[in-house]
Every structure is written in structure tokens, then in C-alpha cells.
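Visitor: So TrEMBL says this about it:
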- 24-44: transmembrane segment (TRANSMEM)
- 26-478: domain 'Major facilitator superfamily (MFS) profile' (DOMAIN)
- 64-83: transmembrane segment (TRANSMEM)
- 92-111: transmembrane segment (TRANSMEM)
- 117-138: transmembrane segment (TRANSMEM)
- 150-171: transmembrane segment (TRANSMEM)
- 177-197: transmembrane segment (TRANSMEM)
- 251-272: region 'Disordered' (REGION)
- 292-311: transmembrane segment (TRANSMEM)
- 365-383: transmembrane segment (TRANSMEM)
- 389-412: transmembrane segment (TRANSMEM)
- 424-447: transmembrane segment (TRANSMEM)
- 453-473: transmembrane segment (TRANSMEM)
Amino acid sequence: MGEQGQTYTLDEALETVGFGKFQIFVLGYAGMGLIAEAMEMMLLSFVGPAVQSAWGLSPRKESYITSVVFAGMLVGAYTWGIVSDKHGRRKGFLITAMVTAGAGFLSAFAPNYICLISLRCLVGLGLGGGPVLSSWFLEFIPSSTRGTWMVVFSTFWTLGTILEASLAWFVMPSLGWRWLLALSSLPTSLLLVFYVLTPESPRYLCLQGRRDEALVILKKIAKLNQTKLPPGILVLDQQIELQETSSEAEDKHLLTPKTMESASNDESSKMEKKTESSVLTLLSPELLRSTLLLWVVFFGNAFSYYGLVLLTTELHSEHSTCKQTQLKSNDSQDVNYRDVFITSFAEFPGLLVAAATVDRMGRKFSMSAMFFLCCTFLLPLVFNQPQGITTGLLFGARICITATFTVVYIYAPEIYPTAVRTTGVGVASSVGRIGGMLCPLVAVGLIHGCHQTSAILLFEAVIFLSGVCVLLFPFETSGRELTDCVPPEKGSTQPT
């Protein structure tokens, strides 16, 4: 169809078919995964204190219930990123959903502490696949509206946190923590139910040289969106590179379908070898600076975000005045539910801030401004404050850190080519999990040990450093097309 000689790229196809019914389904499916992840993470605020009270655990053992989840995520984020870059996005999130749903449900029946810790670590292993779903969704979105729709996608995380806070408020007083664990695993199970309807990423298929399969999916998108694909032949980024670098005059303007097919197979076999060393590719001269800076920002984001969630349950008048009380497990539980519920709503304005700035002002400015503003909100908490003011300051800080978390999950997939996209985001997410593992030691350990000033100053330093690293990112990605291959090494590392 189309005129002989006319060609179009995947990005041009996605721009032409636009955002419609097909992407709404993809958004809903990936969003359910994000709700499930948020619920599994937020329940840690409630399950830790409840299990400590029920089983007479020490504060250190209580913090391990949170830390082992992040330890599992550390391994999972790295593993599932590589699996999905090698074997496809669908296989990546199928395995993660099975692990998360199974271990999450079984942990409700854990007979002892060791068993609970082991199962929660497995839950973390499955949750580490979160970046696979976000990369999968991203690869269906036209570049002109990518920032806005990724913010909309992030809204599902906020829905998950509020849903979990509401569920805990109703379930915990009457049914207890085991029911909370069992009910919180249900959203992940829905991913398995609807898995058969999910398509593979056409961008991944193109990278593997499976252009015909990618074309079938693009036609399905066009049909559901009631639009048409551009006229001509779908060409891959690597084929365009071949056209541009060819020194032969007859090859300058177009490649015949046969030539394109063989070029595609050639590139595909090269990509197989490249995928095996995809982690080394992240540290190549072309990507090294972006990768290292991204690791610091992910660490800072996770450390501060989960730290703020835990601080909400720890910075109460009993701890602020440093009275060691045994009444925490009972008297402060209702306060914990209320405060976590209130501060969870801070994520909505955080998402609005991200939506308003991410495309208009760019990814870098949005993130850095919010990091520095978060420091401003936290600074008064160096000193003991009344509970109302403490909750208000944490609410403001949560707005800022939600905005930075939202934007970094848009920026991270955009700076990497398709060949290593989920690996790059997965490894960065793994580094973030180290921050998640350490934050309970600060938010719980230091506060319980009467070191509130030290805890807040440490959070301030990490957040400020993250803001500086954002300013040092080599380029802005707003409105920029996604790339499929690592750019060839030239004098400069990345396009601006």
C-alpha cells in the first residue's frame, strides 16, 4: 500500500496512530502493576509495627521486614531488566507477576519470623520487575505526548498508596495483618488474568529484526484507534543508519525490501551479542556519565521517598520528645493510619506539579527544583515540632519527592536506547533499592535512638546531592525521539 520507495519509522507510525483505545488498555494494564507495587510497598508501614507487637520483635528485626523487600527488589530489578531486554517485555512481566502474587499471598500464612522474612524477600524479587512494565508502556506512546502520559501512568502509584492506607485502616483493627497481606496481593493476580490480552512491544520486536510481527501490532493499534499507518514500508533505526552512512550513491535514497530484510537480520545478530554485555554497555563512554548520575538520583529518590513514608509513622510526639514508650504498638496505631492516609494524598498535587512542568520546563528543571524545595520543607524538622506542623511539613516534602520520582521514571527510559532500556532502568532501580534498604535504619533506627536531628540532616544531604546530580545530566529529553541503538562513539558522547 503506499508508494514504492516511501518509508516510515516506528516513531512516525506511533505519532500517526496517536493515543487511543489501544493505549488506554496498555495504560490500564501497566497501571494495575503499579497499583500492586505501591500497595505491597505501603503495607510495610503497617505490617512492621503489627508483627513487632504480635511476635515481640526488637526494633532491628522490625526494620528487617522492610529491608528484605528492598534486598529482593535489588536483585529483581537487575534480573528482570536483562530478561526483558533479551526475551521480550511480556515474558519479563509475566514472571514477575507470578512471583509477586504467589509470595505475597503465601506470606499471609507465614508461621514464624524467618518464613515471613523469606517470603517478603521473594515479593521484593518480583516487585523488582516494575521498570519492565513502565518501559513496556512507554514504548507504545507517541513522543510528543510521552511526558504527559507517563505522569498519568504515575497516578496509579498514588491510587495504590491511598488504596493500601484505606485498606489498612479498615482491615487491621478488626482482621489483623495477615488479612492485609492476603488482600494486598490481589491486584498482582489481575495481571495474570489479563496477561493473554497483552501485546509485545513493537519497538522490541523491531530491534530483534521481527519487523512483520511489529507491523501486525501497529496495524492492530491503528484499527483500534480508528486511524491509519503512514504509507510505505516500516524501516528500523538501524536500517536508517545504514542508509545514512552508505557511501554508494545508489544506496543513499532507499533500500529495497530485500536489502532491508538482510540488513535487519545482520543487525539482529549483532544485537544478540550486545545484549549479553548490556550492563557493560551502560558503562560505555557514550552512556557512562548518564548512568552514574542516574544511579545517584535513583538512590536519593528511593532513600528519601520511603524514608518520608516511614517518618510519617515515627515522628509522633512520643518519639519527638524521645520518651521510650511501650504504648506505641497500640496507642499510636490509629495515628499512624491517619497520618499515612493524609500524607498519601500529597502525591496527587505532586503528580499535578510533575504534569505541569515535565514537558513545559523539561525533565531536568522539574526534578532539580523539586529536590531543592523538598530540602526546604524538611529543614524545620531538624528540631522537634508540634504534630500538626510535622504532618504539614511531611505533606509538602512528599509532594516534592513524588514529583521527582514521577519525572525520573520518565527521564530514565528516555536516555537509554531500546537495546538496553529495561536493563538500564532496572539497574538504576536496583541502586534505588539500596537506598530503600538503608532508609529504615535512618527513619526507624535513628528516630528510636533519639537522633532526630541526625536523621533529618542525613535526608537533607542525600536529597540536595540528588538535585545537584540532576543539574549535571548531559542532555534534556523532552520532545526527543527514543533511540534504538547506542550512538556511535564520536567526539561528543550524547546528542543535546
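The chain as shown is numbered from 1 upward.
Using N, Cα and C of the backbone, Cβ positions are placed for all residues, glycine too.
Describe each of these features in terms of where it is and what it packs against.
Guide: Counting same-chain residues at least six beyond the ends of the transmembrane segment (64-83), those with a Cβ under 8 angstroms from any Cβ of the stretch are 40-41, 44, 47-48, 51, 91-93, 95-96, 99, 116-117, 120-132, 275, 278-279, 302, 306, 310, 422-427, 429-430, 432-434, 436-437, 440-441.
Same-chain neighbours of the transmembrane segment (177-197): 25, 29, 32-33, 35-36, 39-40, 43, 46-47, 50-51, 54, 90, 93-94, 97-98, 100-101, 104-105, 107-109, 126, 160, 164, 167-168, 171, counting only residues six or more beyond its ends whose CB sits under 8 Å from a CB of the stretch.
Same-chain neighbours of the transmembrane segment (389-412): 131, 134, 138, 146-147, 150-151, 154, 158, 294, 297-298, 301, 304-305, 308, 311-312, 315, 320, 339, 342-343, 346-347, 349-351, 353-354, 357-358, 363-364, 366-367, 370-371, 373-374, 377-378, 380-381, 424-425, 428, 463, 466, 473, 477, counting only residues six or more beyond its ends whose CB sits under 8 Å from a CB of the stretch.
Sequence-distant contacts of the transmembrane segment (453-473), counting only residues of its own chain at least 6 positions beyond either end whose CB sits under 8 Å from a CB of the stretch, comprise 289-290, 293-294, 296-297, 299-301, 303-304, 307, 311, 364, 367-368, 371-372, 374-375, 378-379, 381-383, 401, 404, 411, 415, 435, 442-443, 446-447.
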Visitor: Which listed range (24-44, 150-171, 365-383) shows the maximal number of Cβ pairs under 8 Å with respect to the transmembrane segment (117-138)?
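Guide: Top-ranked stretch among 24-44, 150-171, 365-383: 24-44.
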